[in-house]
Amino acid sequence: MISDLRLPLLLLIGVAYLLLLLACAYAAERGWIAQRWVRHPLVHTLSLGIYASAWTFYGAFSIARDSGFTYLISYLGASAAFMLSPLILLPILRLTRTYQLSSLADLFAFRFHSAAIGSLTTALVMLASLPLIVIQIQGIVSSIRLFNDTLSEAQLALAFCLLLTLFSILFGARHPSLRSRHDGLSLAIAIKSLVKVVVLLTLASYVFLQVFNGQKGLNLWLTEHPAALETLLSSPDNSSWRTLFIAFFGAAFLTPHMFHILFSENASESSLRLASWLMPLFLLLMALAIPPLLWTGFKLELLGNPDYLLLALGQALSLDWFIILAFIGVLSAASGVILVANIALASMLQNHLLLPVIRLPDSSSFYRWLLWLRRSLILVVMSVSYAIYLLLDQRFSLAQLGLITFMAFLQFLPGLFATLYWQGASRVGFLAGLSGGLSIWLMTVIQIYLSLEQPSHSLDLWYEYTLLSLLLNTLLLIGGSLLFPADAREAEHATACILNALPRQTRLLGHDKDSLENLEQRLSQRLGQHSARREIEQARQILDLPNTNKLGPLDLLKLRNTLENNLSGLLGPVEATALLRPESLQQARFRGREIHLLEEQLEHYDERLSGLAAELDKIRRFHRFTLQRLPIGVLTLDDHSQILFWNRQLQEYTGIDANEAIGSDLPSLPSPWAEFFGHFTQSPEKLHETCPLEHQHQTRWFSLHKTLVNEGNTQGMIVLIEDETEHRQIANRLAHSERLTSIGRFAAGVAHEIGNPVTGIACLAQNLKLETDDPIILETGSHILTQTQRISRIVQSLVRFAHTGQADQLSKLEAVNLYACAQEAVELLRFDERGRNMLIMNQIPPEYRCSGDPQLLLQVFVNLLNNACDASPEHSRIVIDASQMQNALRVRITDPGSGIEPEHQQRLFEPFFTTKEPGKGTGLGLALVYNIITEHCGNIEFISPADKKQNKGTQVIIQLPLWVDSALSTQTEKT
Amino acid sequence: MYPHRLLLMFLFVAFLLLPAVMDLWLFSASSWPIPYIIWFALILFTALMSHRHHDL
């Protein structure tokens, strides 16, 4: 009994140490310690040192004493697991991250597509973990009793269990989500690992330097005591160490605390790559400390009870600090394993044994309920462990307990290898193998426990039975899988698990008809309405989706995936998947990774890719950028007319956002696009040139090209859409210009021919006037002369028009009295019968003056009034009025006629276009009017029908520049 | 996937040879530090390989 050191002081130091770790964890959670340090890969790698449990501090000395270097097997087995991380640990990490798996039970439940397997695995892991926890309890209790053996083991164990229950809850049960990272816990475990290795190395260094006086002293002592070295170097009597190697290899990742730290608390592959060599180095340093300490025990004759050699050495050397350090070391080892094992086991029990059978409360305290459930489970785990500790009553040494637990976990190894490397493994084979292996294990445990022999003599049985159980497990797995192959759903999960394989997809997008209402309804059935709505709202906020009940297919898919990820953290992936898969999909194939969600994840993944993957991603981005930025629309469809790609140009053409379009069926697009694209995709032609489309009250023209995609499993169609509207308008303008040019040439010829007879008429009219005094004849003659002059001016305009191709500059600008000009036109029209029968009202204010050529403007009024008279019934009222704008005058000529047909309105100013009967009009009137108004820097427009109620009449609106007295009157520049 | 399976096959073969290798490693050493030195050499090799990885 170690009595020099006061026990209360040691316990106080122990509790203070645990509280200090709790404080560090709290500081990390609150962000008082920089995140870049807390989440550094080195911290996570060090936290893997949790593998070194109380067994390492105590049990290793037993094996080293009895079997020499065989004690290295426990370290070498784990080292091999880490060194082979690219083949084992990294694939598991990718699976757990991809499919939100947080435990071994989640992994097997996912792989074999069976919630029952998850439940069975949970129960077996719980059973196998109990001896592991008992080791820690036993190590601490026995250490304390070395100071005072009058203390009750049961009471000490109870106090320790209660303390660890409290710390487990404080460290790891503060958030409802299982996938929440516990940065504080990782930091605390990393500190413990550091403490363990520092403690062992410190103690070993002390004895090396002080007891043996360095290397020379040690060599001298070993030479004098060859038995000490022989024990270490000699081969073991049996080959049981080979089985141990496999057991500890599996223990490095199959035990719940190691699985949790490796995969649930891990954020990146970089920390696992670091761990592939750093963890073996950590274990090497711990293993290196054993021989000096063992030889010191040999020297001081303290190897009667090697399990507690460290404390005995401290006592023998009379060093309180030695004892304190050793105690702190074993406390670090024991408490770390219990803490993480509690958290991991509670999560597994919650997900796989409780939640599938109990109904969650429908209230706002749903999350608190989940949290308290997990805390209760932690208490249950510790209570059962305490009960097993009392039941075993220290019949087994620490080394033996370690062997019991690691042998049990070894039974999951064949199933795990099948998960990673054999698609053919079925759930029947897995169950058969597991059952067979664990049956042998269980029978052996019971047999030895009930045996009258000392347990230590039956240790040899362990290795034989372990090999037998492993062999039976593997054979049953293979045989069962061959006899009862996996079904389709299992096979797809198996494919998803195979190393570096992406799941096979039948469609590039999920083709379900889910809706927001369905999602809420399904969640409500399980979580209650309040919690369901809260989860949906939370997912919406994460994705920044609009607050509407109508979400596009792609948005709905993203929402469902986010919900699944969030609920996986709360309820586990099995429950989450069962909640969110519609019945149709649960019967259908396993959901593959939809291509767009994959691309979205790759968008955020670019910094983490390296090597060839990074190069491939760059190429992918470049091609995607090219497609997105093409100046023509690109539409891609799958074989079910579901839209897969919708680039930016198409977005501009249609006004439909890509997020709304992608995932939709083509017929579900808004009109007219659904019909427009649907008609083309169904037609046999691969090219439709310049198809008109009425959209938003205007006509646009598009050219459509399509090509079919038929490569392997990928079927679909690519459609290119080019907007030809501008081209069409340019072509129209060009044609119009060509027509005007040809008309101009034609008009020039006609003008020359007309000129001669008009000159003749003018001469005759002049002669007529000279030869008579009759006032009527004189007046008639004057009118003839006036009209011939008009003809001459028109001819001159036509000639000018023909020579320049457009109306030339006005010869002179003067102030034109609009009232007088219009009145003159009215007077001229009275010469025509139709003009006489009309009531033409000139309501232009007499003071209005515009800038222009009076003769040309007279021609405008004559032509327009002529057209108005032709279109209106007899005795109709034609009104001419005007209004003044800022720098212009607006003249309106309104008639109650038949109006202008809409299809004619675009062609009014075309030369030779007329709706009159042949011979009644040349079609040049409005063309000339248009040219004259344009020459005057004005504009002209027609409104028909002028009277919308009666749907008749036409109003012509002419805008002419206002005459400004100070303006130059000689000429104006035309732009 | 196939290169990994090939590597896995090599590892299984190595696993079969492992007992003999470890016999030599642990129990045939003439000096007690030698197993640790070999172990350290393996760690260095692993560290070197992990820095030269290409992730696909």
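Here the Cβ of each residue, glycine as well, is placed from N, Cα and C on the backbone.
The transmembrane segment annotation in TrEMBL covers A:43-64 (among others). Long-range Cβ contacts of the transmembrane segment (A:43-64) within its own chain (Cβ-Cβ under 8 Å, at least 6 residues beyond either end) map to 37, 70-71, 74, 78, 82, 132, 135-136, 138-140, 186-187, 189-194, 196-197, 200, 232, 251-252, 257-258, 261-262, 265-267, 271, 274-275, 278-279, 282-283, 286-287, 290-291, 293-294, 297, 306-310, 326, 329-330, 333-334, 336-337, 340, 397-399, 401-402.
Annotated transmembrane segment per TrEMBL: A:71-92 (among others), in sequence order.
Panel annotation: around the transmembrane segment (A:112-135), residues 53-55, 59, 103-106, 255-256, 334, 337-338, 341, 345, 348-349, 351-353, 356, 381-382, 384-385, 388-389, 392, 398, 401-402, 404-405, 408-409, 411-412, 425-427, 430-431, 434, 438, 486, 489-490, 493, 572, 574, 578 of the same chain, lying at least six beyond its termini, place a Cβ under 8 Å from a Cβ of the stretch. Sequence annotations record features per position, and here TrEMBL assigns transmembrane segment to A:112-135 (among others).
For the transmembrane segment (A:156-173), same-chain residues at least 6 beyond its ends with a Cβ under 8 Å from one of its own Cβ atoms are 15, 18, 22, 25, 137, 140-141, 144-145, 182, 184-185, 188, 335, 338-340, 342-343, 346, 371, 374-375, 378-379, 382-383, 385-386, 389-390. The transmembrane segment annotation in TrEMBL covers A:156-173 (among others).
The transmembrane segment annotation in TrEMBL covers A:185-209 (among others).
Under the heading transmembrane segment, TrEMBL lists A:244-263 (among others).
Here TrEMBL flags A:275-296 (among others) as transmembrane segment.
As annotated by TrEMBL, transmembrane segment applies to A:372-392 (among others).
Annotation comment: TrEMBL describes A:398-421 (among others) as transmembrane segment.
Marked as transmembrane segment by TrEMBL: A:428-450 (among others).
The transmembrane segment annotation in TrEMBL covers A:462-484 (among others).
Under the heading domain 'PAS', TrEMBL lists A:619-666.
Annotation source TrEMBL lists domain 'Histidine kinase' at A:749-964.
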Stretch contact, the transmembrane segment (A:244-263) with the transmembrane segment (A:372-392), Cβ-Cβ under 8 Å, 3+ pairs:
no
Distal contacts, the transmembrane segment (A:71-92) - CB-CB under 8 A, six or more residues away:
48, 51, 55-56, 60-61, 63-64, 107, 241, 244-253, 262-263, 269, 272-273, 275-277, 279-280, 283-284, 286-287, 290, 416, 420, 499-500
Among A:185-209, A:275-296, A:372-392, A:398-421, stretch most in contact with the transmembrane segment (A:462-484) (C-beta, under 8 angstroms):
A:398-421
So, by DSSP, how many helix, strand and coil residues make up the domain 'PAS' (A:619-666)?
23 helix, 12 strand, 13 coil
Hey, does the transmembrane segment (A:185-209) touch the transmembrane segment (A:275-296), meaning at least 3 C-beta pairs closer than 8 angstroms, sequence gap 6 or more?
yes
Can you give me the average pLDDT across the domain 'PAS' (A:619-666), rounded to a whole number?
87
Determine which residues of the chain contact the transmembrane segment (A:185-209) at the Cβ level, with the cut-off under 8 Å and only residues 6 or more beyond its ends counted.
21-22, 24-25, 28, 33, 38, 42-44, 46-50, 52, 56-57, 171-172, 218, 261, 265, 282, 285-286, 288-290, 292-293, 296, 310, 313, 322, 325-326, 328-329, 332-333, 335-336, 339-340, 343
